[in-house]
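What Swiss-Prot lists as ATP binding site is G10, S11, G12, K13, G14, T15, R121, I130, Y131, Q194. Annotation source Swiss-Prot lists AMP binding site at R34, K55, L56, V57, G83, Y84, P85, R86, Q90, R155, R166. Per Swiss-Prot, the feature Zn(2+) binding site maps to C124, C127, C144, C147; the stated evidence is sequence analysis. Taken from Swiss-Prot, the feature region 'NMP' applies to 28-57, supported by sequence analysis. Sequence annotations record features per position, and here Swiss-Prot assigns region 'LID' to 120-158 based on sequence analysis.
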Amino acid sequence: MILVFIGPPGSGKGTQASLLSEKFSIISVGKVLRTVMESNTAEADVVKKFIKSGKLVPSNITNKIVVNALKNIEQCKSIILDGYPRDIFQADFLQENLQMDFKVLFFDIDDAVVLRRLRGRISCTDCGTIYNKLYCMPKINGVCDICNSSSFQNRVDDDESIIKLRLESYKKETLPLLEFYKAQNKLTLIDANQSTENILKKIKKMSGIY
């Protein structure tokens, strides 16, 4: 099974994916794109330009990332695809290249909550694990839970002006996917304004794996 997580930045997709990682392989397109942005490849400058402007990275880049990631995961594995597809073109591409059944979870959240959450978001410089100053800090203050690094940073795309551009881009490009997947009876709406615990319970119940 594949669970596709779709929602605006700051809606909690990555947090839920991390909490479910014991039973799911995680493909976080945003995380992979940030890795590409820091590399010495021809695509790095292109990705950096789009992320810093708050726009969607071109589909020819994200599609290739997703296909390569899916090839590297065992066929028997359950998968969470976090942050993809982001428009109708990518949704069509995904269905053409996906050999497994999938469900789409749409994280619905108020813009004001998104802005508040993203202002407090930080990530580990070494492994990329995301934390939040408001509700999800490392268990030991200043030490990453995953790799024990003490180096943290604010993400370049979490600047407030960029956040607002990302939300505008999301509403224009990604929201139409609601009707696309509703028509296929694949869509489940998640109230992402709720607590992390309540959202996790709902996802576990509907996945049928727990």
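Note that Cβ sites are derived from N, Cα and C of the backbone, with glycine treated the same way.
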Neighbour-count leader, CB within 10 A, binding-site residues: R34, R121, R166: R166
Residue from G10, G12, R121, C144, C147 whose C-alpha is spatially nearest that of L56 (AMP binding site), among the binding-site residues: G10
Separation of alpha carbons, C147 (Zn(2+) binding site) and R121 (ATP binding site) (Å): 18
Within-chain partners of the region 'LID' (120-158) [C-beta distance under 8 Å, separation at least 6 from its ends]: 9-10, 14-15, 18, 31, 34-35, 51-52, 54, 166, 196
Those residues of the chain, 6+ apart, with a Cβ under 8 Å from that of C147 (Zn(2+) binding site): C124, D126, C127, T129
Secondary structure content of the region 'NMP' (28-57), with strand meaning DSSP E or B: 20 helix, 1 strand, 9 coil
L56 (AMP binding site): tally of other CB atoms within 10 A of its CB: 18
DSSP helix/strand/coil residue counts for the region 'LID' (120-158): 3 helix, 12 strand, 24 coil
Inter-residue Cα distance where the pair is G83 (AMP binding site) and Y131 (ATP binding site), in Å: 18
Length of the line joining the Cα atoms of P85 (AMP binding site) and G14 (ATP binding site), in Å: 15
